[in-house]
């Protein structure tokens, strides 16, 4: 069931066309700003971009003009021509383009290729379409800042993004998807629904969980804890900092230092914010002598870690600098490994299904170039993961070289509303850290026996999982996860007492409910509850008091009058079963 990712596959017609669209856009921008300095302009998954150093800041109002000029170039049916020349000739050609000159200096060959169309030429390996008229369906989307070569110490360029497809129908479909994705963007919904906030005064990538988001997170964490206790895990807690020497022993200081924060001096010793929880769990395991009969031992923690990310890649909750992992580490004998990984995959699938995720892909990531340990152990660990995937009948792709430095891993990646993949559950087999920390148990023969270790998360980080969950449901969480599950709306002041009585009964069942007794009209109250994506609105008036019923209106617009007792039973059943249906 494994498919190898083929990085050597030929360039598709679509990718070629998108690359050509980037060149056409560059020519259009140069016609508006002849003094522009050009960065790079590749094809990307859904289109293209090009980076420019311009005399003024672009605004969204500039995009239609650039697009108009692009369309004129397309209609001109200009040929794309490839030329080869020496690097010295190319330096003369790009004498006024400093970024191109820098790229030229990095090329080791003495001969380089350029592409021309119309009055434009670019340093480029190609290939391109034959004529500009082949670029038929494109749309400029946005402008963003991008540091030259991704280096925050280099100039900030202006990046123009565009979408491009082989036909207009495919482009229209993609633009419709973008429109829907914009509605579901967790950054937008996070603000509207008051789930979380980010503040530059605190720092980039550091999240405040607001009350509505905090209750959703709490519910996820409580469910996570109960499920882990049921499955034989022990809950633990660990500190947020540790001495640098600990990370030197683990190998993180050598292999992972660029993702760690700078050390802080405490009483003459160097400490650092933890990027991982694993080393703490290892020391807990070593807290006393253990027998092989105790294995497997499973330690689980909702542990907050800190990893450096460049400011340019921070993205709402999806890419942050401080986050809480649903982390666990399993210590077991070698012959217990496969069974334990099978169990972890079963738990991960159970979690994914419970939260209603349907779009995700599974990757088996193998040995990277920089690694520790013996090859035979790497092969054994990789084989264990593959067998566990096949035992669970989970289709997967092999992702060569994407394992961590101490072992191979299974990655389950959630797909967001834009089709982008975000890291979710991960399972890693590790023989190296137990060796580095001399982890062993007393075997049946009374001698020390080596221990294997499984690193795993079944949600990923709470922050990233919340971003995926928010976009999955467009902020309209299932009833069991909704910050407010019901809103009781009295039609007039005389109905407020009855509304409060119903709310009190629901609160006794731990339902999150409020009464909207404000002076606004009933329609305004219903509208505001719908905007807050509250699953159920219970309208009560004279009839409802007389019959002990409620007029139930769901956030999707369906309406039904039913006895209050019946509604309460229905809601409690949906909460208990964690139904994704309203």
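Each Cβ is built from the backbone N, Cα and C atoms, and glycine gets one as well.
Taken verbatim from Swiss-Prot:
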type	residues	note
REGION	185-478	region 'Catalytic'
BINDING	278, 329, 455	Zn(2+) binding site
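Non-local neighbourhood of residue 329 (Zn(2+) binding site): 277, 278, 281, 282, 298, 299, 453, 454, 455, 456, each in the same chain, at least six residues away, with C-beta under 8 Å from its C-beta. A helical conformation is recorded for residue 278 (Zn(2+) binding site) in the three-state DSSP classification.
Compute the center of the Cβ atoms of 278, 329, 455, which mark the site for Zn(2+); besides them, the chain residues with Cβ within 8 Å of that center are 276, 277, 281, 282, 327, 328, 428, 430, 433, 453, 454, 456. Across the region 'Catalytic' (185-478), the model assigns an average pLDDT of 94.
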